[in-house]
């Protein structure tokens with residue numbers, strides 16, 4: 001009765017017996033939690049110190065080698081192709097052309113498939129990038145200015161340091177050639193005469209004309225990438241972000257991404273069959289001192305630019321170690337080395353830029369643009385070729401000629417199409433602009449261009465990924481979804497505050 005009366009007199013409060021039961025339960029819970037905490041406390045510091053379990057490096061390497069299209073697989077394929085190709089070249093006097101053509105079939109098919117998705121990738125990527133930039137007030141102009149400015153700046157740096165090194169070091173190692181070596185063959189004479197039509201002002205005029213197409217379908221069919229890129233920017237600026245066309249563009253991008261993912265998985269096969277037949281064409285016995293110096297000057301300039309100068313800029317701006325970024329992006333520059341085409345490598349380059357943490361908006365704007373105008377490797381090669389042609393004839397270039405080379409090489413590298421060996425035409429134009437005659441040594445440049453072109457393309461692609469990271473840091477642009485998720489987390493944070501504690505919560509419930 002007393003208990004019932006107590007409950008009746010104070011219906012909101014517990015009785016003495018209920019309080020005792022609750023306190024006993026709490027005591028048992030505290031005791032068990034303390035015991036459990038003591039037991040766990042013996043192992044907790046070890047777990048805290050151990051952190052997340054990490055795989056041994058050799059296990060990670062094996063797992064990476066098993067992943068289709070991984071950097072390890074591409075490296076193995078390239079190394080295997082080089083080993084087989086050099087072995088055959090040194091043992092056989094000449095590989096039959098029929099054998100080369102047959103071996104090239106798998107690689108050529110893979111390369112054609114990559115090029116087939118380049119145009120839809122550029123169109124969808126640029127449209128989506130411009131649409132996202134429209135949603136960021138003022139960021140579109142900032143991104144465009146810094147991206148183009150950075151590309152022109154690094155191209156100028158590449159040409160200037162190459163001219164300095166070539167004049168101070170490499171030209172002194174070249175020897176003058178006389179006699180029949182300077183004579184042009186009939187076929188080479190026709191080639192040079194055709195390329196003489198490209199005077200400096202013609203290059204400038206054609207570069208600006210290539211910005212705007214008068215036939216969009218002609219540009220699509222003939223890989224007019226720059227005109228297509230600008231047209232895609234205009235469409236992205238005018239397109240309704242919520243309209244049906246925008247949804248169609250997004251679906252096309254998903255489809256293209258799926259195709260690219262499959263092509264990347266079979267990249268080791270494609271790279272192997274692209275490198276191997278080209279090595280069959282190499283005749284080691286014909287490589288003389290001048291040719292070795294030309295190769296050395298070009299490769300040394302690319303090494304200096306890619307591993308010293310660009311990393312210095314990267315460290316100053318991004319404040320991170322640049323070399324892990326380059327190594328992690330191996331699928332891009334290895335594919336570039338195998339295909340010798342920045343355009344064909346664009347899908348892989350874009351994927352690697354996104355994987356390195358570049359926001360989608362920046363990557364889809366800067367990487368396709370870099371594929372077209374950021375040709376640092378090509379810019380380095382122009383002065384090497386011109387000085388090679390001059391020095392083998394005993395011609396010494398003065399400071400004024402080097403200034404002309406810097407300006408023309410900058411314009412020429414920007415205007416070079418991202419396809420294999422496209423720089424051969426412009427080399428003739430630059431050489432003639434500084435009064436260097438085209439001799440039979442131009443045939444040497446043509447003979448090794450397929451080989452050097454791979455290093456030029458790998459340099460261009462690597463510089464594109466560095467550029468995307470640097471521009472991201474300078475502009476501070478982030479993807480809209482990243483910003484919205486961080487804002488949502490900040491708004492939701494108070495809702496997930498931990499409770500005051502089990503004892504008080506239990507007491508309140510009672």
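Just so it is clear, glycine is given a Cβ too, placed from its N, Cα and C backbone atoms.
As recorded in TrEMBL:
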COMPBIAS  28-45  compositional bias 'Polar residues'
REGION    1-52  region 'Disordered'
REGION    479-510  region 'Disordered'
TRANSMEM  70-88  transmembrane segment
TRANSMEM  109-130  transmembrane segment
TRANSMEM  150-170  transmembrane segment
TRANSMEM  216-239  transmembrane segment
TRANSMEM  259-280  transmembrane segment
TRANSMEM  292-317  transmembrane segment
TRANSMEM  367-390  transmembrane segment
TRANSMEM  402-419  transmembrane segment
TRANSMEM  425-452  transmembrane segment
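If you look at the transmembrane segment (259-280), the same-chain residues 6 or more away from its ends with a CB under 8 A from one of its CBs are 68-69, 73-74, 76-78, 80-82, 84-86, 88-89, 95, 99-101, 103-108, 110-111, 113-114, 117, 121, 331, 334-335, 337-339, 347-348, 351, 450-451. When Cβ-Cβ distances below 8 Å are used as the criterion, the transmembrane segment (70-88) is approached by residues 61, 64, 95, 267-269, 271-273, 275-276, 278-280, 282, 328, 330-331, 334-335, 337-338 of the same chain, each at least six residues removed from its ends. Counting Cβ pairs closer than 8 Å to the transmembrane segment (216-239), the top stretch among 109-130, 150-170, 367-390, 425-452 is 109-130. Spatially, the transmembrane segment (150-170) is not adjacent to the transmembrane segment (425-452); fewer than three Cβ-Cβ distances between them are under 8 Å for residues at least 6 apart in sequence. With pairs at least 6 apart in sequence, the transmembrane segment (109-130) and the transmembrane segment (425-452) have fewer than 3 Cβ pairs within the 8 Å limit; the two do not touch. Here the transmembrane segment (109-130) has Cβ contacts under 8 Å with residues 140, 220, 223, 225, 228-229, 232-233, 235-237, 239, 249-250, 252-253, 256, 259-260, 263, 266-267, 269-270, 273-274, 339, 341, 343-347, 350, 360-362, 364-365, 367-368, 371 of the same chain, all six or more residues outside its ends.
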